[in-house]
Amino acid sequence: MHKVLAIETSCDETSVSIVSNSGDIYKIHSNIVASQIEDHSKWGGVVPELAARKHLELLPFVLEQALEESKIRIEKIDVIASTVTPGLVGCLRVGSITARSLCTLYSKPFLGIHHLEGHLSSILFSKNYPKPPFLTLLVSGGHTELIKVGERRKMQRLGRSYDDAAGEAFDKVGRLLGLSYPGGPAIAKIAKKGNASKFNLPKCKISDKEGGFLKYDFSFSGLKTAVLRLVEKINLNGDEIPIPDIAASFERVVAEVLVERTIKCANDYGLDNIVVVGGVAANDTLRKMMISEACKKSIKVHLAPINLCTDNAAMIGAAALYRLKFKAYESSLKLGISGRLPIDQANTLYENKPPF
């Protein structure tokens, strides 16, 4: 059994977790998350410099609380891991330097973890998670991707958003409608009072230069613009904006686009298991629609636990534990951080010559 201390500071959550595994059973001993939503809500989104400063302020206390709650002394930890890519560079640096400093101080191995692999690994804390190969829909504030996951974490990106990620579109539309930040939960809440069929919003596609459309890729910028034009038109007519109806219609279209393209991709590639992870995976409309539509194709859906959909260190620890199963992974203490790295290059974080 391995015990991992994991740190996540890629955006606006400061999180430390102690996790372990016994074979294929993964356990969370502690998972402390300090959110910065109140600090950023007044600006309508994350301010990178402010986020990095808050990580510096909060991380020592979050680390202490995680160790105390787990009742595991740091000397008993086998590996220390942190998110090193992708994310906000200043934020990543805080967590990475802290993790590598602890490794040096306590003579522990270090594992740099890809943030998206962390999200992907959140499913390991659910019951009966699938064995590879399977298709993952990773849908969050910064990313919307379809990833085929093979043995030993061989990953192939099959689809992605070419502009706004789904979560980013939720935030922008929420702000447009005068709702609180973050937009995802705010839209989901008010949409329950609305008519999801009231407005016929577009399901945008990406043109293929060879003709037709890219069938597994996403675009949410046009949908966001359509909502803007709708609001402008209603304002021009002097009518009251039906916020619940617009929110419900927007939420429905986002869910339909995600579900339709995910199921088509899984069906085309002969994959009978779909995993849904990331912050937007907490959306109830998306969860129910994915299960319902996948069932029609005899595809099984595995949903990340609600409390592990948004950024947290437990998922980073799970990714580290999964890597340790192969007994061949350790990152150099010279490994830096990077704002971007495609998920299919995650294995380079454990090579003798680090990618950054």
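Cβ atoms here come from the backbone N, Cα and C positions, even for glycine.
According to Swiss-Prot:
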BINDING   H115, H119, D311  Fe cation binding site
BINDING   L138, V139, S140, G141, G142, D171, G184, N283  substrate binding site
CB-centroid shell, 8 A cutoff, Fe cation site H115, H119, D311, site residues removed: E8, S10, T83, L116, G118, S140, G278, N312, M315, I316
Neighbour-count leader, CB within 10 A, binding-site residues: H115, H119: H119
Secondary-structure category, per DSSP, in which D171 (substrate binding site) falls: helix
Candidates H115, H119, D311 (binding-site residues) - the one closest to D171 (substrate binding site) by CA: D311
Other CB atoms, at most 10 A from the CB of N283 (substrate binding site): 26
Three-state secondary structure, which DSSP defines for V139 (substrate binding site): strand
Substrate binding residues L138, V139, S140, G141, G142, D171, G184, N283: largest Cα-Cα distance, in Å and rounded to whole number: 17
Cβ neighbour count within 10 Å of L138 (substrate binding site): 26
Per DSSP, three-state class assigned to D311 (Fe cation binding site): coil
Surrounding CB atoms that lie within 10 Å of the CB of G141 (substrate binding site), all protein chains: 25
Using Cα positions only, nearest of the binding-site residues to G184 (substrate binding site) (H115, H119, D311): D311
Entry from the binding-site residues list G142, G184 having the most other CB atoms no farther than 10 A: G184
